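Q: In case it helps, TrEMBL gives these features for our protein:
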{"type": "REGION", "residues": "1-45", "note": "region 'Disordered'"}
{"type": "COMPBIAS", "residues": "1-44", "note": "compositional bias 'Polar residues'"}
{"type": "TRANSMEM", "residues": "55-73", "note": "transmembrane segment"}
{"type": "DOMAIN", "residues": "58-556", "note": "domain 'Major facilitator superfamily (MFS) profile'"}
{"type": "TRANSMEM", "residues": "148-172", "note": "transmembrane segment"}
{"type": "TRANSMEM", "residues": "179-200", "note": "transmembrane segment"}
{"type": "TRANSMEM", "residues": "212-232", "note": "transmembrane segment"}
{"type": "TRANSMEM", "residues": "252-272", "note": "transmembrane segment"}
{"type": "TRANSMEM", "residues": "284-304", "note": "transmembrane segment"}
{"type": "TRANSMEM", "residues": "324-344", "note": "transmembrane segment"}
{"type": "TRANSMEM", "residues": "364-383", "note": "transmembrane segment"}
{"type": "TRANSMEM", "residues": "390-410", "note": "transmembrane segment"}
{"type": "TRANSMEM", "residues": "416-437", "note": "transmembrane segment"}
{"type": "TRANSMEM", "residues": "449-467", "note": "transmembrane segment"}
{"type": "TRANSMEM", "residues": "530-555", "note": "transmembrane segment"}
Amino acid sequence: MSSQEKPVDAPSSSTTGNSQPALPADSTTTSAENAVDATDQTGPEEQRQIRGIKWALTVGAILSCVFLFALDTTVVADIQPNIIASLGEFEKFPWLATAYALPATALALIQSKVYGLFDLKWLYFTYVVLFEVGSAISGAAPTMNSLIVGRAIAGIGGCGIYVGSLTFFTVVPTSKERPIYVALISPVWGIGTVLGPVIGGGFAESSVGWRWGFYINLIIFALVAPILLFILPSINFGKDRSVKERMNAIDWLGLTLWTGWCVSFFMAITFGGTVFEWDSYSMIILWVFVGVLSVAFILSHKFFPFVSKEDRLYPSHLLRNFKLGILQFATFAAASAVYIPIYYMPLYFQFARGESPVEAAIKLLPFVFMIATVSILSGWLISKWGYYTPWFLIGSLLAVAGGALMYTVSVDTDVSAIYGYSVLLGIGGGCFMLTALGCVSDVVAPEDAFNAIGVLSLIQCIGITFFPSAGGSIFQNLGARYLAPVLPPGFTGDPKSILAGASSPVWRSFSADVQAQLAATIVEAMNKNYIMVIVASGITALLSPLLGVCVSHAFETPEVY
């Protein structure tokens, strides 16, 4: 490896041209902390340690991996009938989305920590390979159980890809470049999420079949693997510690308790009233587990019996950082403004306008275009001017307005009006979806940068998992309740079967007049999800001014934390 590709491991003032004095090293300071400190320098000669065509290829490869992770979050949305026709076991279908999303929430914190302990390059490549293994298993799955296993493996790898991408774009670019590169993740993620149903549905309707919705990942991997292997710089944050010391620095007890809590909580909100009745023994047991594991997790962090205070899974001392707390909530709230429309706008066009899944997914493109444009613009302007508080305030206010307008949509609303509402919501979500990750180093001390990245990644993953899960539960429970009194005489099936989609045999069995009446009721239930957007974004708007006039340290006089 050339000298240009490895000084990130142990940067010095001579390589950064920095005039800001570094923190004195002590026994608890890792090379990761030093690296973050170095990337945060603001001297006139600051520059990346990898440049030119190698940098362009590296950025392209990392964003391609993020795209694949996003693509797989929604690729199963349009191939549900095809999967069920091939594998059967309809009752297990909700696990396909849950098994993929859960690892992102359960493992985000620990993955951010291991990136601070081991070589970023090889850890990142390992997660990419794991994602591809899961994709291969999913594509070749002979049963629903094996498909669920493949989705879970892909979810673990995908979460590692996402956290690793955020880590790379936080520690390698210069402080002025960082908001731009972090902001690039948002549009790539949005495009991948929207194209998931389009690509999945396209393969399902073609001669190659639905399995290529997963196999396509292997082709893209073949293109980016050489870049990851031979160009991605090796950044070893834990090289000064032995493998045993690094393994002992992992909070295995906290990880076990947190994973158990995530599984119990998200199963409860996803399957409550849909797979299990709310008063069933299964639901009671799940909520008991949630309570017990919550107490156990808190106690493990209070007494930390097997790790040092600094190595606890959740960096509890960051709870005292008020500004970071606001950034956490804003990141969580932004997920509502982005993922509620992504899941329910296509469903609206299918039920209310009779469009195919692919046609309905295409209707999301203006929304995604605005998210992409505004998120990149916000990163660029923050890198130019340094101010990031206005993006949270303006973005959340626009999200409130867009969510309120989407709440009023009916089956008769003009399509151009829906486009306008979604664009407003897209601008709002794009303003603050990933802004916190770009300015995290400006609200925490350098040695806490990795912890803060992990916390914000966790919060974002919780939002990405929570809002679709809660939205699905709200839609199915309210939808079934609203449909019951308007169902045609003689219908003896489960009202929830009607909500499976406008292409389902149950929906197609109704006459056009009955479909129109049912669609109005379904849209009414669907719109209730936008209440979450209004509330979450409204709270963010109230909290944003408390950030004060926050300016990136890249635009301030250098000072020691």
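Yeah, the Cβs are placed from backbone N, Cα and C, and that goes for glycine too.
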Q: Quick one: do the transmembrane segment (55-73) and the transmembrane segment (179-200) reach 3+ CB pairs under 8 Å, ignoring pairs fewer than 6 apart in sequence?
A: yes
Q: Please compute the mean pLDDT of the model over the domain 'Major facilitator superfamily (MFS) profile' (58-556).
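A: Computed over the domain 'Major facilitator superfamily (MFS) profile' (58-556), the mean pLDDT is 86 on the 0 to 100 scale.
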Q: Suppose I define contact as three or more CB-CB distances under 8 A, residues 6 or more apart in sequence; do the transmembrane segment (416-437) and the transmembrane segment (179-200) meet it?
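A: Contact criterion met.
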Q: Give me the stretch from 179-200, 252-272, 390-410 with the greatest number of Cβ pairs under 8 Å to the transmembrane segment (212-232).
A: 179-200
Q: The transmembrane segment (364-383): which same-chain residues, six or more beyond its ends, come within Cβ distance under 8 Å?
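A: Here the qualifying positions are 176-184, 186-188, 190-191, 193-194, 338, 341-342, 345-346, 391, 419, 422-423, 425-427, 429-435, 438-439, 552, 554.
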Q: What residues in the same chain, six or more past the boundaries of the transmembrane segment (179-200), come closer than 8 Å to it by Cβ-Cβ distance?
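A: Distant Cβ neighbours of the transmembrane segment (179-200) are 59, 63, 66-79, 165-166, 169-170, 173, 210, 213, 216, 338-339, 342, 346, 357-358, 360-362, 364-365, 367-368, 371-373, 375-376, 378-380, 382-383, 388, 430, 433-435, 437-439, 552.
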